[in-house]
Amino acid sequence: MAESWSFLDTWELDFRPLVVIELAKGTKGETIEWFTKRIVDKKANGGAQLLVKPLVTENGDENIYLVGASPLRLLLGAETVGLVKECNDNSMRTFTYSSRRTFKDFADDNHNFLTMAECQYIIKHELENLRAKDERMIPGYPQAKLYPGKSIVRRLLTSGILVQIFPLHDREELKKLRHSWYGRVKVGYQPLDEIRCYFGETIALYFGFLEYFTFALIPMAVIGIPYYVFAWEDYDKYVMFATFNLLWSTVILEVWKRICAIMTYRWGTLLMKRQFEEPRPGFHGVLGINPVTGREEPVYSSIKRQIRIYLVSLPFVCLCLYFSLYVMMIYFDLEQWALDYHEENESNFSSMMLFVPSIIYAVVIEIMNRIYRYAAEFLTSWENHRLESSYQNHLILKVLVFNFLNCFASLFYIAFVLFDMKLLRQSLATLLITSQILNQFAESLLPYWLQKRHKKRMKKRMCSLKTDTDLSLVEQINLEREMGTYFGTFDDYLELFLQFGYVSLFSCVYPLAAVFAVLNNITEIYSDALKMCRVYKRPFAEPTANIGVWQLAFETMSVISVVTNCILIGMSPQVNALFPDSKMDLILTVALVEHLLLAIKFIMAFVIPDKPRDIQIKLAKLEFESLEALKQQVRATDTQNREK
């Protein structure tokens, strides 16, 4: 590949804008010249070797730049990031420029071999890997310090010189996707392959998981309705329902692994090599040599990182957990006040007041979760993790611990300290329904309404604008740069995780939880599709082979649900009546049943393969061919050495 870089052109007449860079107004000319030069410079000189074109409007502003790349540059970039494409023999292989003609649909004149999302991902990768070499500051801004290995894009963002970088929408493709995705209400599957081609694998996997989880909840909802209607207070009849719930939670998670493997193999990300992941843009340190890859990259002491984690982040998280428990106790004081008020007045108004503390607490929980999220992001970024995967894992762990305690601590307290099943049922229903309504409003309805208002104002302003540049492109960029930014699937998975907890942890107390979850998820599919296509900027595609640490989070929740449901069943009057003389026998029986159910869960997880048999064979075949190719290469090298 090294030879190919030198033959790349630095400009191309047929320029296709893929990514937009917006600089702050009034950015100094020497800064713009230096930054654009680094973008177009050759790789050997530390540049990205991309194409840049300013978007000049009638008012003369030159703070917006369009970035593209030649077809050859994109193909070489596809090899650099390790994209996997389908070959002519229908197998999936890592793309290499030297073997490009063995890949399906490749032709020298076919510029659609790489999807637009893949091209934008390549450009993002190259821009993020622009790092300072000899520069000590950003030209024109002495206060914006640089040092060898520092990400240039990151420094420009933190200094306020670079406002944002975002990929452009393809309006024709987006129109087709909107029509097939949510343009008409229908009963059917989502166009996941089209979503993947347009938004990338990470977002497609989220919508695939949301769809799968919704369908998986239907049996729980169907069974829960008659239990709710006909056996409301009969706890012994809930034993079968709770047992089904526990086995159901294991099966759906194991089957999802298989479905996920099928999809990601078809998309090529199951084969992508992630062990040599590039340092994340926010990672900083002294420029050194990676001992594995031999490449120059920042180096940061792991001891310093551990000190930051255990002496700063961990105490802060513990303090937040304590504050969450303190707020919970205030909620119980309000519950007691509402109960006393109802006993004194016995009116319709006092009956309604019984639900007010739970509603207020649900709103406070959502507010606390969102505030804590910002603090967790700041701390995790400050810890300076080298890899994006490591950063995400530490962030998810911080947020999950707090959200789990914040959302479920009150339910555990009601169930196992107060022993009040009626209040538990009421609180569970209120927390679930209130959180779903708040999430739908905050994540979809409000942003959509604000975006629609802004779009009307922008169109009025653009109608009076006269420019030599293509008006539709100028209008599109001005509309998109004012859209909200989609920060990833974190919040979406977190919402599903908490929903899974409400459904599984206390299923034998409130069987209708699955019904409300299904109804919410059906609207969630359409509202999330709407916000992706109409509310937010197009996010950069991110290749992924699975849902990551969220799989472990859901599996952990299912294990906890075994314990809680067994204890709840053991606390029921009907079960207690079976052990009138010895509570120890009751405890031992409940513990035995709990261990038995856990054993069944783990056996099922072991028996059900994570990947279907045909996928396993294809992966093994590729590994065998790689080993054979390596052996041939070694033999050829030995032969050449002997001849010398």
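Heads up, the Cβ atoms here are built off N, Cα and C, so glycines get one too.
It should be emphasised that the depicted structure is a prediction, and the values quoted were computed from it without experimental measurement.
Marked as domain 'Anoctamin transmembrane' by TrEMBL: 195-621.
Residues or ranges marked as transmembrane segment by TrEMBL: 212-232 (among others). Beyond the ends of the transmembrane segment (212-232), by six or more residues, the same chain brings 238, 241, 244-245, 248, 252, 256, 259, 496, 500, 503, 507, 510-515, 517-518, 521-522, 525 to within a C-beta distance below 8 angstroms of the stretch.
Under the heading transmembrane segment, TrEMBL lists 238-256 (among others).
Annotated transmembrane segment per TrEMBL: 309-332 (among others), in sequence order. Residues 357-358, 360-361, 364, 368, 372, 375-376, 379-380, 382-383, 394, 398, 401-402, 405-406, 409-410, 413 of the same chain lie 6 or more positions beyond the ends of the transmembrane segment (309-332) yet place their CB under 8 Å from a CB of it.
Annotation source TrEMBL lists transmembrane segment at 352-372 (among others).
Positions annotated as transmembrane segment by TrEMBL: 395-416 (among others).
Feature annotation from TrEMBL assigns transmembrane segment to 496-519 (among others).
As annotated by TrEMBL, transmembrane segment applies to 586-608 (among others).
Cβ atoms under 8 Å from those of the transmembrane segment (395-416) belong to residues 313, 317, 320-321, 324-325, 328, 331-332, 361, 365, 368-369, 372-373, 376-377, 379-380, 423-424, 427-428, 431, 435, 490, 494, 497-498, 501, 505-506, 509, 549-550, 553, 564, 567-568, 571 of the same chain, restricted to positions at least 6 beyond its ends. Comparing 238-256, 352-372, 496-519 for CB pairs under 8 angstroms to the transmembrane segment (586-608), the maximum falls on 238-256.
Here the transmembrane segment (238-256) has Cβ contacts under 8 Å with residues 209, 212-213, 216, 219-220, 223-224, 227, 231, 500, 504, 507-508, 511, 551, 554-555, 557-558, 561-562, 565-566, 568-569, 572, 597, 600-601, 604-605, 608, 610 of the same chain, all six or more residues outside its ends.
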